[in-house]
Structures are given as structure tokens and as C-alpha cells.
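Structure first, commentary second.
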Amino acid sequence: MTILGTTFGMVFYLLQVVSGESGYAQNGDFEDAELDDYSFSCYSQLEVDGPQHLLSCAFEDPDVNSTNLEFEICEGLLEVKCLNFSKLQETYFIKTKKFLLIGDSTICVKLGGKHITCQKLNIVKRVKPEAPFDVKVIYREEANEFVVTFNTSHLQKKYVKDLLHEVVYRLEKNENDWMHVNISSTKLTLLQRKLQPNAMYEIKVRSIPNTNYFEGFWSEWSPSSHFRTPENNSGKMDPVLLIISIVSFFSVALMVILACVLWKKRIKPIVWPSLPDHKKTLEQLCKKPKKNLNVSFNPESFLDCQIHKVDGIQARDEAEAFLQDTFPPQLDDSEKQRLGGGVQGLNWPSQHAVITPKTFGGESPLRCLSGSVTVCDVPVIPSSRPPDCREGGKNGPHVYQGLLLGAGTTNSTLPHLFPFQSGILTLNPAVQGQPLFTSLGSSQEEAYVTMSSFYQNQ
């Protein structure tokens, strides 16, 4: 009996020692297990395998002995109250489609069926997207740019579709000099001028939820992709740009030449019209005349010019007006036939013209200057021309022909037997009782006044 009791005592002691090393406390010895740090963190991935969601948790302290530890989630589930996690190495996870995705859930760490520590969290606020994949870089030589494209599985998902992607790239020789670009699409364009020529670059992408309801963490980095930039071709010039530059240069040169040639004749008069200088005009008007002028008002200098008095011009005009009012116009053929019997005997029998004096401005026309005589004492000038002809000449007077005064008529008007022609009878009573004859029809003997030439400024 003594040997049997000793054996049971040693076994009990060994079991107690082994249980103490594994962190398992028995008989209410739970205070020793609470001395360790069992803090943990979790994240969710929605629709990882169809409708199933994934929730993963891990201890923040990697030195924690997790051999006998378990994870349990309660609340925020469909049809069940609690679910236990599965363990894969140092990670605890659960894949199910029973997450309610509304409200908070409680996750606890259990040791021997007892809760050591618990946390409350909302699964939709701890979403960690899946890492992007299939990162490609394509060089477009025409545009001198690199097009970066990648893919993500969230494009086909129902819940977390809107993501913000962070694209980073660097030179391979610069380990920590990353360039960051945030985009909401799966396509990015990098300009060649912002990259170093003939260099190798590394690029990768990660994502994060970009909605108000779903929040969480950055995803894992995608696999890195590498690309090389081409050599610098700054010495070469595009032929199209070269042709455009040459044509533009010659066009500008041609316009400059034409502007210089046509400036004075065509362009300047239109753009800047020349205005007369008022100063020069006033100087010419106010300028004193020269001493030796060709202008002279001496009457002797006008001896070679024929000057007519203004009184003669006025007398001629009054005679024209009187004759036009006194004598009727020419008779037409019918009147000539009607008067033919009396005219045949008087058909220019002597071809003489009778000149009668006229007192201009008086009451009685064609009165004789002597007063009471039977026939006016006027000279008769022979003429061999028909009635419609006039004698020409500078000194010969122009008179009406065919005007006859019958015998026995005293201070009477001329008979209206023949029509008057273009000649006009004028009488200039310069001397009392002696009639003067003046031509009124010829343009050569029209009265004019000769004035001196005006001085022209040279």
C-alpha cells in the first residue's frame, strides 16, 4: 500500500508540473494565465469565395504561446449565436456566409473553456481588400508615355466595389525613394519626361475601401512589375515638327519682307494716313511777297488786251431781251404759204438790212433819234447773204437782214414779215444822234474782263 500511494503521488506531481508549463491552470489557478498579453487584431474579407466571407484574427505579440488558445465570435450572426475559429499556424480564421454585416460582434480568446479577453468590432469597418494582380506596363512611343494597368477581384463583387488604389514606383537602385500616385481606376499614365532615360523601374499596387459604409485597411501589395525606359532621343527631331518649323520661318520672313517693301506705298497710307501740315499752309498765306513780282496793276500793261466796258455789256443784254420780246418767232411753212402772195414781191428784193436806234431803258422801242421824220435816218448796209446767214469778222457788225421800213411810216414798229435769225440788233448811243453798231451774237466779241495772274508760291 505504501508503494502504491507513493506512485500516485509522483504521478500527480508530474501532471501538475506539466500543466503549469503549458499555461493551463487548474483548481482555480487562473491568475497566472492572466499575466500574459493576449491582445489581438482582426480583419474581414467579403465575398472571398462566392457568398462566403472571411474573418481572420492574430495575436499582436508573436511570442504568445497559442497552443491551447481558441477564438470565438458571438453576436452579429445569422441562425447561430456563436462560432469558433479555425487555426492555421499563427492565424485564426473563420469562413462563413452567416455574418449579418450589421452591428457589432464580440470576439473572445478562450483558454480551457474560459474567456481570457474579448473585443467588440464591426466587420464592415475592418475590411481588407484582396491584393491587386496582373500589373502591366506598356510603352506608347507615339505619345512618349507609359500606361500602367492592373486588375482586382473587387470589380465583380457586390459589396466592396469602390476602391482607392495606391501605385508606387521607384528606380531599382533607390530602395526607399518611392513615388506615390493615388487613383480610383485601374489605369495610370506615366509621362516619359518625368522618368529617367534608360533606367529600370519597379512598380506595385495596393487597395483600400473608398466608401462611407465599408472601411478598413490597405490590402497587401501586388507582385512587383519592372519596366525599362528608352534612351533619350533629344538629339533627334520629329520630321513633321521640322517641316512645320521651316514653313513657319519662311512665312514669317516673307511677311516681313513684304511689309518692308509695301510700307510706304500701301501699308502706311492705310494705317497712318498723312494729314496736311497747317503750319506750312499758314506760312504760305502769311508770307510776305517777294520784291520782284510779275504782278502789275499798271493800265499800260493791258494795252495789248481788248477791254470792254461794263456799260456796253449791260446795253447788249437789254437789247437781246427787247428783241426777243418784240419780234415773233419764225413762221412755219403753212404761214409762209398763207402769206406767200404778199411775200413773193418782198422776197429779199434788195437784200438790205435796216438798223434802227433804240433808247435803252425807255418806253418806246425802235424810235428815231430825230423825233418827227417820216423815215428814220439810218444807214442801209447791202448784203448778199440769205436771211439765215450773218457776216463774220472782227470789225464787221452783225445785224438782222431783211428788216424793211415801208415809206410813209413814222415812228412805227417794224412789220413782222420775216423771222429773225440768231443775229441781234444793238445800238450803243454813245453820241446823241449817231448810232453805234455792236456785235451781240459772236463769242469772239463777248465782253470779258482780264485780270492779272495770281501769284503762285513756288
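All positions are counted from 1 along the displayed chain.
Positions of Cβ are set from backbone N, Cα and C atoms, glycine also.
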- Query: Looking at 93-97, 218-222, 368-372, which one is motif 'WSXWS motif' according to Swiss-Prot?
  - Reply: 218-222
- Task: Could you check Swiss-Prot and say which of Asn151, Asn182 is marked as N-linked glycosylation site?
- Result: Asn182
- Task: Check the Cα distances from Cys74 (disulfide bond) to each of the disulfide-bonded residues Cys42, Cys57, Cys108 and keep only the ones within 10 Å.
- Result: Cys108
- Query: Could you state the CA-to-CA distance between Cys82 (disulfide bond) and Cys118 (disulfide bond) to the nearest Å?
  - Reply: 13
- Helix, strand, coil: count each for the residues of the motif 'Box 1 motif' (271-279), based on DSSP. 3 helix, 0 strand, 6 coil
- Message: Let's check the environment of Cys42 (disulfide bond): how many other CB atoms sit within 10 Å of its CB?
- Response: 21
- Message: Radius 10 Å, atoms counted are CB only; among the disulfide-bonded residues Cys57, Cys74, Cys82, Cys108, Cys118, which position scores highest?
- Response: Cys57
